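Below is one structure; the comments refer to it alone.
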Amino acid sequence: MKLNIFTKSMIGMGLVCSALPALAMEAWNNQQGGNKYQVIFDGKIYENAWWVSSTNCPGKAKANDATNPWRLKRTATAAEISQFGNTLSCEKSGSSSSSNSNTPASNTPANGGSATPAQGTVPSNSSVVAWNKQQGGQTWYVVFNGAVYKNAWWVASSNCPGDAKSNDASNPWRYVRAATATEISETSNPQSCTSAPQPSPDVKPAPDVKPAPDVQPAPADKSNDNYAVVAWKGQEGSSTWYVIYNGGIYKNAWWVGAANCPGDAKENDASNPWRYVRAATATEISQYGNPGSCSVKPDNNGGAVTPVDPTPETPVTPTPDNSEPSTPADSVNDYSLQAWSGQEGSEIYHVIFNGNVYKNAWWVGSKDCPRGTSAENSNNPWRLERTATAAELSQYGNPTTCEIDNGGVIVADGFQASKAYSADSIVDYNDAHYKTSVDQDAWGFVPGGDNPWKKYEPAKAWSASTVYVKGDRVVVDGQAYEALFWTQSDNPALVANQNATGSNSRPWKPLGKAQSYSNEELNNAPQFNPETLYASDTLIRFNGVNYISQSKVQKVSPSDSNPWRVFVDWTGTKERVGTPKKAWPKHVYAPYVDFTLNTIPDLAALAKNHNVNHFTLAFVVSKDANTCLPTWGTAYGMQNYAQYSKIKALREAGGDVMLSIGGANNAPLAASCKNVDDLMQHYYDIVDNLNLKVLDFDIEGTWVADQASIERRNLAVKKVQDKWKSEGKDIAIWYTLPILPTGLTPEGMNVLSDAKAKGVELAGVNVMTMDYGNAICQSANTEGQNIHGKCATSAIANLHSQLKGLHPNKSDAEIDAMMGTTPMVGVNDVQGEVFYLSDARLVMQDAQKRNLGMVGIWSIARDLPGGTNLSPEFHGLTKEQAPKYAFSEIFAPFTKQ
């Protein structure tokens, strides 16, 4: 079986056989910059949500912390910790429990200056050169005074490695290691910050991105060789422009204001983002114009918007007319509008506030209010775009004050074990809300916890060949230890494997001297008394069986069940997402939308402009592996997600969505929810509150072989289907599975066989026709030969045979109608696999011939040209090979009722 190691919200959704991760993983080491990092800290993997500073520590990050960009993704595996290291402290970066972490020959540069801890060896494909006042956004490895340095972000020629200090936010050079004798010999080893050769005066700096000082920069724009050139006319925003000014072409390196003039830009000017690129051609000047003055802007102030500070007490109401307002130069028609409601994140938002439309120029916090903003206010990222139309105010609303209404959302107090709670009390515990169904005494159940009594079993001697899982106890030399997670061959008696406080990634918790009882002590243990307050590790007897208390406990017997259940506050959600106007089509093109990306397309605009009316939203997963709480990608709650306005607008336009639960990464609800009834209720509530007609379960990665979650899911789906039937509701269920050209894997067939055995009625089986990892599907540089398309149609043909065997009473047409195919457009995760437009045409022909139930793609955000590598935001082909939404143009006609 192939295991998927990709995060679907970052790249794709297919099974991977032999591919590198989308993000290079490393131990946390004070990373700084606008790049996307994936780091290991204290046994967990974190990713930065926006620009990160070296002083931001993952260990201090919280789920919605606007001051810390690190976000917890999952627990690191033992292999990852072994390979990349495991930083344990915010105070000393680079400390690792792994002996395999890279350590430099010296942690002190040759010049004796302070240095950042080593960041590993120089990659084999990177050359080491002498420091020569390099400038730009590319990555250099330079020799200076006997040491090798690497720039952590955009570097200026005035930045000298000799001046760099640990965590220095003003100097991007970071010490890597001591230089070798060969490197010193070949580079001449510059030793002075003033003696390096001066860069040629006629060479202008490369148009690289440098963060503006003292502000959170917007996500780096991706430049394209085929950029559009326009005349400078006071452009404003975070889009990337190439403008003509006084015979030269300039590009903005970060957010640019209308008052920033290219003519005022200097080489290292941190106050002006314009950077010289090259001389404009005569044709470009003739075609686009050539403004030469900073004081005279053509075309009515050059199209620049002069910010207005409307008075909140007197809301601005535009005069209705039949004309649409002029669109700002940096507007993106494929992204949607919404009322301001305290949006937070690095996504680009277009919001309505007090009669106007605003757009954030960089990362925005929930406390940043559009009122009073201006281009000169570097502390507030909101920028006025235009006046909202009457239709927009009617559709999206018009907040006029900076007070954020929580929409009736319940705010719960933190759980206290020493406190008693009445029935229906709601508490907050580990960033989740729980509600108790009965009165709860002090020192009772902990929300989300197991019964505090554990059946007594003499701890067995530890064995190196035995696999231990969480909760298993062993004895070594008279000392007891408890496994904190899966472990094998890790001797608990070794300090290197011990985790006394739960603060590192080691597997064993020391418990002290092993408890052992004689038969007489066990038989004469005191009988359980609910009125007694028991200390932890107390032996009792209950119904003839001995138990040990795992915590302080009272009025809870070993047979009681935990009355606390995860509580999701769905207040107002049904209204936020709107109601579909039409039935879900029997044959539909429903591309996947990574609904946790920073740049989610405007679904209504796609319906209007590209005839794509149905989408599959991905992915709802558990908050973490141990918390039975649905979230969007672990990052966003279900109740008041800011992106719901996109669903409502799509439904108003006549389209609809289905939702996908699961994915390759993070824990599915079926894994974290051990109680089938709890799992069933979550499925019911998701469908009910998001007004869904179709629900998809994406089962892949390790979860396609996890029997416990497979069985829980199928049992819960059967239960919720029975409930829907009793209420007269017809909700379609699809299972999405990985596939090979030869058909489903044995694990995938097991999922379907178990579903059938438990009575689950599937509307369809969608397969991920991508990332096969098979030599016959290698298709790079074979455009037009339809290699990847043939692998997809072969997979569908073999799936048909497998489903026919599972459902012998269904006709061929019925089997075809319950199949779906979802390729990954463009460059796939598996190296050498590429899905071209010609492949799409072949897949479309096969889908129409068979009359399949569904066609999808991973993903709609990737249906854009750009780059040559993997990305969540483009397909890796040129615009000549596949223009914007070219794959959707092929597949969109597939939809029919």
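FYI, residue positions are counted from 1 along the chain as it appears here.
Note: Cβ is positioned from N, Cα and C throughout, glycine not excepted.
The model shown is predicted, which means the values in this text are computed figures rather than measured ones.
For 90-127 (among others), the entry in Swiss-Prot reads region 'Disordered'.
Annotated domain 'Chitin-binding type-3 2' per Swiss-Prot: 128-194, in sequence order.
Among the features that Swiss-Prot reports, region 'Disordered' is placed at 182-222 (among others).
Look at Swiss-Prot and you will find 287-333 (among others) tagged as region 'Disordered'.
Residues annotated as domain 'Chitin-binding type-3 4' in Swiss-Prot: 337-403.
As annotated by Swiss-Prot, domain 'GH18' applies to 586-877.
The annotation active site, proton donor is assigned in Swiss-Prot to Glu700. Glu700 (active site, proton donor) carries neither a helix nor a strand DSSP state and counts as coil.
Across the range of the domain 'Chitin-binding type-3 2' (128-194), the DSSP-based residue counts are 10 helix, 20 strand, 37 coil.
Here the domain 'Chitin-binding type-3 4' (337-403) has, by DSSP, the following mix of helix, strand and coil residues: 7 helix, 20 strand, 40 coil.
Each residue in the domain 'Chitin-binding type-3 4' (337-403) has a pLDDT score, and their mean in this model is 81.
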